Number of protein chains: 2
Amino acid sequence: MMNASIRVSSPLTAVVGLLLTVALLAVSPNADAAEPLLVEKKSFTTRNFATVSGEVIPEVTVGWEAYGELNAAKDNVILITHFFSGNSHAAGKYTPEDPLPGYWDAIIGPGKAIDTNKYYVVSSDTLANAFPGLPHVITTGPASLNPATGKPYGLDFPVVTIRDFVNVQHALLESLGVTSLHAVIGASMGSLQAIEWAAAYPDMVERMVSVIGTGAMDAWTITALEHWARPIKADPNWNQGDYYEGEKPLVGLTSTLAMITQQAMHPLSMNMRAPQQPVLPEAGLASVTNSLPALDFLFNAAAGQAPLADANHILYLVRANQLFVAGHEQDLATGLAKIKAKTLFLPAKNDLLLQPYMAQQSVKLLQAQGKDPQYAEIEGIWGHLDGIYSISSKADLLAEFINSPTATSN
Amino acid sequence: MMNASIRVSSPLTAVVGLLLTVALLAVSPNADAAEPLLVEKKSFTTRNFATVSGEVIPEVTVGWEAYGELNAAKDNVILITHFFSGNSHAAGKYTPEDPLPGYWDAIIGPGKAIDTNKYYVVSSDTLANAFPGLPHVITTGPASLNPATGKPYGLDFPVVTIRDFVNVQHALLESLGVTSLHAVIGASMGSLQAIEWAAAYPDMVERMVSVIGTGAMDAWTITALEHWARPIKADPNWNQGDYYEGEKPLVGLTSTLAMITQQAMHPLSMNMRAPQQPVLPEAGLASVTNSLPALDFLFNAAAGQAPLADANHILYLVRANQLFVAGHEQDLATGLAKIKAKTLFLPAKNDLLLQPYMAQQSVKLLQAQGKDPQYAEIEGIWGHLDGIYSISSKADLLAEFINSPTATSN
């Protein structure tokens, strides 16, 4: 057996991360390792939820889970906000038999960077979660039943924003009697929520960690996200969002999921995983309609996941991301100016989706406002996914940041 | 008027480059500037063309043009090979009224880096050119009439490879009595052709310049190219390539062209060009089916260009690129080992499509084979397109390389 201090990670056993919403984790194979944290998926409902777009959703239900214990003062709460294709399952296992724990199990748990012996860590599903077909996901979105019609909302569901995601989480915390956050921490779309939390509820948020994120969308990213939406909209089965009684737009969904996954990766990791292409493969040379060996890896995985995703939900997530600027203010600087939290930005050096220039932009603006944001780049071969797969390389920095005093509290 | 030594370039007047196959050029607005090089588009036909895939195309016709004069020894020829959405028009103007000259006019012309006072510069259209609807493009591909049926080939056209493009150019040069190339120079897909020339006809090629290119496709790029193909194949109007008597798959084509263009750019340039998005734009917040201000720039341009492109041609170009490895050998090292030419690799530092690691891979392999490849990175804000728009920054290096002696000639 290996020494307890040695942790092994095996990139080759990892499945395509954003699709399966599982992470490649550093596992401790030694016999005396701690039991896996067992977690329970719960459900939270709020009624007459008013959206930023000015509509009211009669009933919003989202899933959530928590790790650790809420203290008596209810001031030891850390909120985790999830990425585009993720869900609340950030740590632990639902059953001991689960093959893999939550996506950030490397940093969340007893004695880990986000120490569940000290903190009560809450993680919730967002509105319009991308994968409502996954067994543990609980979400409200276009695929949910519209009480007015008894049928799925489809495009009658109001457009929702990152602020709406935050407001659902706010209602959840309120139901728990929680009025302050020791920290809010999220990766990618979760980073948008974390920043939005700090800008929208500055007096509630003491620390904010943005992992592989941005304080605002730019034209480049708004356009990149549109490429994710177009295959769905172009699929005849999409039918203007009304497909719940017919064929699902799986061809478009497959294109979208494959694109998302590639853009979240990096040539270094993809070239390691895909099979070497033989010279002039016979089928590929015979017709442009035939696939190639290098393609099956990604597109087969995407096709396998497509039935668990919802096309409309993905369109709504795309739009929520496209509309994001911190605090919904007229510009990023104004939004960031509202933040009182201590901040830490952790972009991934090889990220091709939300490149480090985006985090740097927020850092520079905060510095210009006399604040002291912290910044470090995650190294790795995964690109954007280094925010998940390589997060343990920043465990010490994270722990130090989380445990550091703020101006108003410690 | 400006001083003759000052050249101005205006990124904001450049139209989306790969789509329009025009380049942002350094222009000399001074009154005593040289007359524009006037060029004539010509046509070349070769019969019973045998493809790598083992089929015979009864008649192949491609367009070509030339700048400078062929010398008596016919040994002053430089061949220019074009990029994915480009064509033979690398320099000069067809008429004095043309708004813009060819894409590399900054480096091709009298007294320029590729000096047409010394060299006879030949540039030809490829097989299955992406934009057969452009007035000056002459190409043979799936949209061409199949003499056996009198109708367009569609998917009956054989899959063609980069070697096939090279072999058509070889036949063209043969028809001119040219048996050696002083240099072959190409950008992007043109770089693939340049490398293929040097590997397939090593005794003919004295110098090879690969701009924003690669010696072989990797899984990352093969997959990225597949994302370009899928919107076309998913468009019901594509109809397995049989759309020439019906509606063209313009929705799919628009997605593809927009994707290509974005991937050829960089956040730096796109964010400069696109309008700033207002906070929570009303239409975008009203429905996910509404567009956003930041999107119109790219997608309207792509929609405007789509009718000039051919969907099948783009699928064939995608496949030709996906199948590429230098020399069609079992691996890149073996292909590169056949090259006798002096080589120069010019990736673009900010390229997100064919990143510099690809050129570096070839350079390292050539060095390991005891050769002396030259390498320099093009800087700029355009990403992949810096191989076109910022090429003048490497004009001196190019001139020095082109005019340098080789081991066997000078």
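A Cβ is built for glycine as well, from the same backbone N, Cα and C atoms used for every other residue.
The following features are taken from TrEMBL:
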ACT_SITE  A:S188  active site, nucleophile
ACT_SITE  A:D351  active site
ACT_SITE  A:H384  active site
DOMAIN    A:156-285  domain 'AB hydrolase-1'
SIGNAL    A:1-33  signal peptide
Cβ-Cβ distance under 8 Å to the residue listed as 'active site, nucleophile', same chain, at least six residues away:
A:F83, A:F84, A:V211, A:I212, A:G213, A:L353, A:L354, A:H384, A:G387
DSSP three-state call for A:D351 (active site): helix, strand or coil?
coil
Treating G and I as helix alongside H, and B as strand alongside E, what does DSSP give for the domain 'AB hydrolase-1' (A:156-285) in helix, strand and coil?
75 helix, 13 strand, 42 coil
Cβ-Cβ distance under 8 Å to A:D351 (active site), same chain, at least six residues away
A:I212, A:G383, A:H384, A:D386, A:G387
Enter the number of other CB atoms within 10 angstroms of the CB of A:H384 (active site).
27
